[in-house]
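Everything on this sheet refers to the single structure shown next.
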Amino acid sequence: MHWTSILSAILLFCLSGARASPAKTVIRNKVPLLVTNACTRIFQKVTWEYTSKSKRSSPVCSYEPAFQSMLYCIYETLDEKGYSNKTLEKTFSTIKKNCASYSDALQNMTNSEFYDVLNNGTRHMTPYVKGSANLTYPVEMDTQLRKAYYHALHGFYANLDVGNIYGGIICAYFVAIMAFAGVLHCMNYTPFKTVLLKQKLVGYVRGYLTLPTIGSKHASDFSYFRIFTGYLPTRLEGIIILGYLVLHTVFLAYGYEYDPENIIFKSRRVQVARYVADRSGVLAFAHFPLIVLFAGRNNFLEYISGVKYTSFIMFHKWLGRMMFLDAMIHGSAYTSYTVANKTWATSKNRLYWQFGVAALCLAGTMVFFSFAVFRKYFYEAFLFLHIVLGAMFFYACWEHVVSLSGIEWIYTAIAIWIVDRIIRIIKASYFGFPKASLQLIGDDLIRLTVKKPARPWRAKPGQYVFVSFLHPLYFWQSHPFTVLDSVSKNGELVIILKEKKGVTRLVKKYVCRNGGKTSMRLAIEGPYGSSSPVNNYNNVLLLTGGTGLPGPIAHAIKLGKTSAAAGKQSVKLVIAVRGFDVLEAYKPELMCLENLNVQLHIYNTMEVPSLTPSDSLDISQQDEKADEKGTVVATTLEKSANPLGFDGVVFHCGRPNVKELLHEAAELSGSLSVVCCGPPIFVDKVRNETAKIVLDKSAKAIEYFEEYQCW
């Protein structure tokens, strides 16, 4: 078990012992509770001929005339509103709960005894005269006053309840979207998907709204002054996020029922501050389950919808930002409330207040260190801080509401976290902890091969696993890698590692110290992610480069073995690489394609072909040309050397012309699926060019599958 799981388990243990019995969230705006509390408040303010030695006392619970007056107030209010005796009897239970801390005498009272008290009080009931003091008899309150108290409490309680309802709707919004995505995902495995893609309206929607990036960036980050960096959603993700933001804004700003007479609160300002504080606080906590679910590896919505983990991380970020905004509004509004109510001096010393301040500070720190610049350059530090601060934030939030309400949102988030960790442990244990062979290839690549477990275990093309290298210096780290089935030895997995910062650099140093070839014990957890369903398309174009080769190569091998029988007209794999070291790492898999029904084109971007005057004049025979940004691209006439040693591959120098490749594929008869995984700029280029092709050929079934993942 990784150190993060251990830390979180300790946190859960602390939470379980934090308080003996956390306060449950109840629906407050129910008639029995509402009318009982309204009448209780009325008669708490009356001066009775009542004294008590106990500091905790209430005349409506302990002094019979006050108790009779409250019962009659409840009866009259319910009678005016047309409620039956059944509702009246529910108020008896509410009275018992309210008075449990003040009087034991009421706890064993039967409904008949409550009616006897009510009838006895009714016979002696006297209209209340304002200013009366030391009352020894039951009194009847003015109807307008009763209605005013009822309305005031109704607005206050409704605001608390509706916050939870709105939070539930936000959760349901994302679940509904993922359910709809799941329906579309299931259609990928039926002929209906290609029929749907041929509809012109669908093509226009996809070409303008769902496929393209916002601007020209999604996988690649935007940057201002090298400090303000980040990642933009796709247009579809942007639409979903916009819908969420609209919902959230409406839920935060709409539906308040203010009391014009300010019966409960001292002024309109105090009332508004309290209502906004309560609403924003409840909405903040409603984000807990989704934030934990979307960050988890075993997200059931990912399995249902087929939506990539990258998209869920995008939603996770926006949910986190809005949760922090809600918390800021909650803290500011509640501070304003206590200042205006002149209770700040005492409130700030309360435990819930102090933990609320701590939670807000922790949330702000988490948001700050989640900026893309920290994730990009200091990922391990970011991950460590995110987990530690997240655990502390959970604890602070628990303590903040443990005696109030809202704990159920934390319960749900903890349950999601526990299920995720249990599944992760099961997956890692199922694979076992085998020894893997590691071989250094070139300067920065490592080919890792490991035996599969004896029991059934299968990873589809494009799926990935999380690997922990069980070395004393970095066993606690877990990193994702796309996996391939070995073509040279049955029952083996292949993972290609490229040296970067962090654990891959340490692993490379370890391999180098052992002569470039060694073994190491691993923990493998997976597989995760979904495989792009390309089998139902007549033509498949696989575009890849950089470290994104495993998925498309695995697709090519699988399609090459089945394409003839499945009626595939064309399977084309286009690989862009900087030098041939990466080809050496994948040589067994690429050599396997020689005898398969796959067109393999490899572009060496380190070699730039030379232009001749005749090339530039004759467009039909030119070897390469510059795209709109001046990037040199190559065509089939300018060849590079063939390091693989077989004739089933066409080598080019320069960069692939994405637009041209897509147009060529789109001209083929039948449906087309485009699969892309590679460097961020390359992925964004393919996505946007595919969107243009979909618009140009809106009556043709063209689908785009992106296997690029951002962690």
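Each residue, glycine too, has its Cβ placed from N, Cα and C.
Here's what Swiss-Prot has on this protein:
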| type | residues | note |
| --- | --- | --- |
| TOPO_DOM | 24-164 | topological domain 'Extracellular' |
| TRANSMEM | 165-185 | transmembrane segment |
| TRANSMEM | 236-256 | transmembrane segment |
| TOPO_DOM | 257-280 | topological domain 'Extracellular' |
| TRANSMEM | 281-301 | transmembrane segment |
| TRANSMEM | 318-340 | transmembrane segment |
| TOPO_DOM | 341-353 | topological domain 'Extracellular' |
| TRANSMEM | 354-374 | transmembrane segment |
| TRANSMEM | 378-398 | transmembrane segment |
| TRANSMEM | 401-423 | transmembrane segment |
| DOMAIN | 415-534 | domain 'FAD-binding FR-type' |
| BINDING | Gly526, Pro527, Tyr528, Gly529, Cys677, Gly678 | NADP(+) binding site |
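Feature annotations (Swiss-Prot) mapped to structure.
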residue : record               : CB count, 10 Å
Gly526  : NADP(+) binding site : 22
Pro527  : NADP(+) binding site : 21
Tyr528  : NADP(+) binding site : 20
Gly529  : NADP(+) binding site : 24
Cys677  : NADP(+) binding site : 29
Gly678  : NADP(+) binding site : 25
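Counting Cβ pairs closer than 8 Å and at least 6 residues apart in sequence, the transmembrane segment (401-423) and the transmembrane segment (281-301) reach three or more and so form a contact. Mapped onto three states, the DSSP output places Pro527 (NADP(+) binding site) in strand.
Take the transmembrane segment (236-256) and the stretches 165-185, 281-301, 318-340, 354-374: counting Cβ pairs under 8 Å, 165-185 has the most. Under 8 Å from some Cβ of the topological domain 'Extracellular' (341-353) lie the Cβ atoms of residues 265-266, 270, 335, 399-401, 403-404, all in the same chain and six or more residues away from its ends.
Counted with DSSP, the topological domain 'Extracellular' (257-280) comes out as 13 helix, 0 strand, 11 coil.
Under DSSP, the residues of the domain 'FAD-binding FR-type' (415-534) split into helix, strand and coil as follows: 28 helix, 45 strand, 47 coil. Residues listed for NADP(+), Gly526, Pro527, Tyr528, Gly529, Cys677, Gly678, cover a largest CA to CA span of 22 Å. According to DSSP, the topological domain 'Extracellular' (341-353) comprises 7 helix, 0 strand, 6 coil. Along the domain 'FAD-binding FR-type' (415-534), the predicted structure has mean pLDDT 93.
Using DSSP to sort the residues of the topological domain 'Extracellular' (24-164) gives these counts of helix, strand and coil: 85 helix, 6 strand, 50 coil.
For the topological domain 'Extracellular' (257-280), the residues of the chain that approach it from at least six positions outside its boundaries are 41, 148-149, 151-156, 158-160, 162-163, 166, 251, 326-327, 329-330, 333-334, 336-337, 340-341, judged by C-beta separation under 8 angstroms.
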